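Colleague: Below is the structure I would like to discuss, written out as structure tokens.
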Number of protein chains: 2
Amino acid sequence: MPQLRLLPRRVWAALLSQLLRPPCASSPGAVHCHSQVAEAVLIPQLKPHQDKPNFIIKTPKGTRDLSPQQMVVREKILDLVVSCFKRHGAKGLDTPAFELKEVLTEKYGDDSGLIYDLKDQGGELLSLRYDLTVPFARYLAMNKLKKMKRYHVGKVWRRESPTVVQGRYREFCQCDFDIAGQFDPMIPDAECLKIMCEILSGLQLGDFLIKVNDRRIMDGMFAVCGVPESKFRAIGSSIDKLDKMSWKDVRHEMVTTKGLAPEVADHIGDYVQCHGGVTLVEQMFQDPRLSQNKQALEGLEDLKLLFEYLTLFGISEKISFDLSLARGLDYYTGVIYEAILLQSPAQAGEEPLSMGSVAAGGRYDGLVGMFDPKGHNVPCVGLSIGVERIFSIVEQRMKTSGESVRTTETQVFVATPQKNFLQERLKLIAELWDAGIKAEMLYKNNPKLLTQLHYCENTGIPLVVIIGEQELKEGVIKLRSVASREEVAIKRENLVAEIQKRLSEA
Amino acid sequence: MPQLRLLPRRVWAALLSQLLRPPCASSPGAVHCHSQVAEAVLIPQLKPHQDKPNFIIKTPKGTRDLSPQQMVVREKILDLVVSCFKRHGAKGLDTPAFELKEVLTEKYGDDSGLIYDLKDQGGELLSLRYDLTVPFARYLAMNKLKKMKRYHVGKVWRRESPTVVQGRYREFCQCDFDIAGQFDPMIPDAECLKIMCEILSGLQLGDFLIKVNDRRIMDGMFAVCGVPESKFRAIGSSIDKLDKMSWKDVRHEMVTTKGLAPEVADHIGDYVQCHGGVTLVEQMFQDPRLSQNKQALEGLEDLKLLFEYLTLFGISEKISFDLSLARGLDYYTGVIYEAILLQSPAQAGEEPLSMGSVAAGGRYDGLVGMFDPKGHNVPCVGLSIGVERIFSIVEQRMKTSGESVRTTETQVFVATPQKNFLQERLKLIAELWDAGIKAEMLYKNNPKLLTQLHYCENTGIPLVVIIGEQELKEGVIKLRSVASREEVAIKRENLVAEIQKRLSEA
């Protein structure tokens, strides 16, 4: 057979030159896949899973697919969160899904056992990221950045015992905002709380409260109560459980499991039941024991300043100074906070019920220095929005209210009542696509008109363009509103403009 | 005492090779490298990494952080890609980053060795996903879905030898669009090619060409050339290298390594050098050998129909039927395609240079059935946009042209020329945020006015509101345009409206 050259010579030469390129140069995103080596190796026959005994088709334990419905809800929530972060001047950043194992070690206290490690396949020891904060600190140190305001939306992985019913997954999305840099006290911290308020108000999840404390106040409190310094973290970790356990049980754990003297536990008990606004800060300044502790005083000074700024931001009534707030992570060094949703009381006078934490964060001034070759620190403060819990709440509400969402954005459907009209439909739909109109048609040569119209009703497409023999002859198209079932004939050349007009009015 | 070891020989070698890598290859700032693995280091307390002798601060091999600049470019490109997918009626879907290991086995032929496995920490055996296609097929089978048009943007992971300079990473982003379901032939397939054209045109990357072939034509060609059926995949895998190797070298591999008779190789050589438009399809129908093969004829019939639809879509001149296109993946069953960019000739008459594959895909009618308990198949066709390569091209162009991008969207900066005006600035900026205006200020009690104005110039903020003693007294705010340096006094109560007016005009 003769060599064929149907392409112009220059195109042909271009293709040839591609053949001469070095291996691996081909695909950065390696589109689907490139088989590299198949040296005389017989590729095993594709074997259906149903031939394998014991194979259950599922996602890994604690993970799930996100359906189109869920994706729509997510997209809306994430858009609101990200636009708030951008409103506050944050830049976007992304880091790899995994880090060198060593980057993650000794950052998460007792939770380190929940880190997913990758198999050693010859090379570096790697772990899936556990949060977005440690990678951010690693990024700052690695690039020697002294300040940065960034947001990061991404998945993190934790090997928790999955109690899926409660909406706790092993793979979940985090939305973080952080401010790194040496600034005047409490200005960035106040902005973080403002952001939490803007997002929680914007999402209309109902009433919420942000608990605030300071690691230095907590440590000072432990010190003045007589907790030995070696037990600070262990006792802090008990205190952290106060949102799930009663004080009695927490006290029992501190005394029995952690060996704290009962009277020391009772001293702590006096403090951790305190919560209130700026007046509680003032009160603690007067506290005969706490006011003797330098660390605690520093924390109180900062909280006082913080409340001043929160008042200027108009959000101080959303904030509660709460001595029971501990936060589990090792890396916090100053102010810490956690937002909870409050169920509206069923009856007046009833205590509002907490629906759990939906956002949290704090100051971590020492983390970047752990990665810096010379130990130089970059003070940081940030927050993380608990979007997974928020997704669950919104999905649950939609389920309860019977509200449904469209999972596509299609604006126009191209239909025909006639057989053998595929060619005209294809020409027409390409015209719409090229004009930027979101359009669909059925992938059938001869679909029934009723089937086509049902498709629009089922998927919420608002407009249908109908083309048939008659329309073709007259140079018009029928434009139909799915809701009103009204149809008008429009000149073919005006169709795109008319559709755009209708869509902009909708 | 923990066992301490000196660096093993191989680690030392790895260290040396690290040091010999060109700077800024993958990890900016990672010059102070040592080994990769700090063995037997057990430190109970938070310990700075700089105290660990072997610690290198870097991202894992073949991965990288994405800087704010890169994120802005990405966001724009992904927005264009996703809006095209939505224009064609696709729903969003997300799947976990990892799958049961078994889900991924026997899908990728020889590339299976590139799959990242997770460490067995007690539980299921897991692997990071290698593409978005297999998870999609698993999702369809698991949920017994008979049709779905979905898009998925997400990261995938492959343990390739990273040649970072060429932009090939072990973690990269894929953008997939697929149509699953039993439909009339070639209608969804044509839409996939239309989508590739819309995206590549929309991105303005320059001229491109989409090569099309069909697995059945390829297999038919092998059969009529005399390739034993057991060698189809191995020979296909050689053919797949024609974009990186010359025909001479591919022929050598087929004959020497894979044991093909030289005359059989030559027959193949006649075919794989053929490429052209629909006339080549017609010509192949007339080919005395190929027209004897049932499979090949089916493929040719489909391609003929495909070209008819592509003509109606107005894109047939972008498509080249190319008998050398093989595509490596095991799961393709029908039409396959791959888009390449053609560099515009530097001078008239010069040959255009190919810049490699930027999108690809094909039909895979058997993959879903592999997961279905009863083996029920769902025919699928889809495409994947090689966004990583596109990111690189766009970044490279911006670098060359010296174009810079803003990494924040801040619209207004709140400044003061006076000391002790923090409170007023905080009140003012909260007002702007609450009105949805993107605003920033410096986190300083008493910043200099010049510093504040410089910040705006450096970060591209267009407007400054200035508040001082005088303005406060008069109930006004100064609004300054950074570009023109013009300042006007505006009543405090009209400020938000005035800013919104200016921004909408900009």
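Even glycines carry a Cβ here, placed using N, Cα and C.
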Colleague: Which one, A:R158, A:R159, A:R289, is listed by TrEMBL in the same L-histidine site as A:D131, A:L132, A:T133, A:Q174, A:D178, A:R327, A:Y331, A:Y332?
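Modeller: Record check against TrEMBL: L-histidine site with A:D131, A:L132, A:T133, A:Q174, A:D178, A:R327, A:Y331, A:Y332, extra candidate from A:R158, A:R159, A:R289 is A:R158.
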Colleague: State the mean pLDDT for the domain 'Aminoacyl-transfer RNA synthetases class-II family profile' (A:62-417).
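Modeller: Overall, the domain 'Aminoacyl-transfer RNA synthetases class-II family profile' (A:62-417) comes to a mean pLDDT of 92.
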Colleague: Based on the record's binding annotation for L-histidine (A:D131, A:L132, A:T133, A:R158, A:Q174, A:D178, A:R327, A:Y331, A:Y332), what whole-number value in Å is the widest Cα to Cα distance?
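Modeller: Across A:D131, A:L132, A:T133, A:R158, A:Q174, A:D178, A:R327, A:Y331, A:Y332, the two farthest Cα atoms sit 21 Å apart.
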Colleague: If you run the three-state DSSP split on A:Y332 (L-histidine binding site), which class comes out?
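Modeller: Its secondary structure by DSSP: coil.
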Colleague: Taking only same-chain residues 6+ apart in sequence, whose CB is under 8 Å from that of A:Q174 (L-histidine binding site), what do you get?
Modeller: A:D131, A:L132, A:H152, A:V153, A:G154, A:K155, A:V156, A:S384, A:I385, A:V387
